[in-house]
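The Ni(2+) binding site annotation in TrEMBL covers 88, 90, 94, 133. Here TrEMBL flags 88, 90, 94, 133 as Fe(2+) binding site. Feature annotation from TrEMBL assigns compositional bias 'Basic and acidic residues' to 12-22. Taken from TrEMBL, the feature region 'Disordered' applies to 1-22.
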């Protein structure tokens, strides 16, 4: 099962766990109240997984590709890692399914505190449009992930501050309704 926790304020290597002291774990229900959805799937059978197909059909995830993030396989690796870790939002959901390796998604809670979500093989996550977030590898420096989209892929990150965007306004309205 996925692990999530509040982060410390240390500014050193973002690939470290950065668990707050004392520990402040975050459960799936708290993530759901932020609009973050999670599934545990069998990544070894992703090509013919009926559970994945069911989720894709229910949520209209019609497009997908696979990205490998490591020095050997991702062009402009250092630049991309910095870009992924820059706090941003998207106008659409961000859906990632970890097929191998591991990394961290960080999301902001209602009080603007960072929650770190540890992702590993078999974990699938959906971040809602308008949530401020970022991604980094962990100390293993490797992840292979499926990226899913509703319709054609849109890769545009809107770095913080982007509170003027409709997706952010709608997300804040969602938070107000689930408070």
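Indices start at 1 and increase along the chain as displayed.
Cβ coordinates come from backbone N, Cα and C, glycine included.
Ranking the binding-site residues 88, 90, 133 by C-beta neighbours within 10 Å puts 133 at the top. Highlighted in sequence order, 89, 127, 131, 132, 134, 157 have their Cβ within 8 Å of the centre of the Cβ atoms of 88, 90, 94, 133, the residues recorded for Ni(2+), and are not part of that set. Spatially close to residue 94 (Ni(2+) binding site) yet at least six residues away along the chain are 126, 127, 133, judged by Cβ distances under 8 angstroms.
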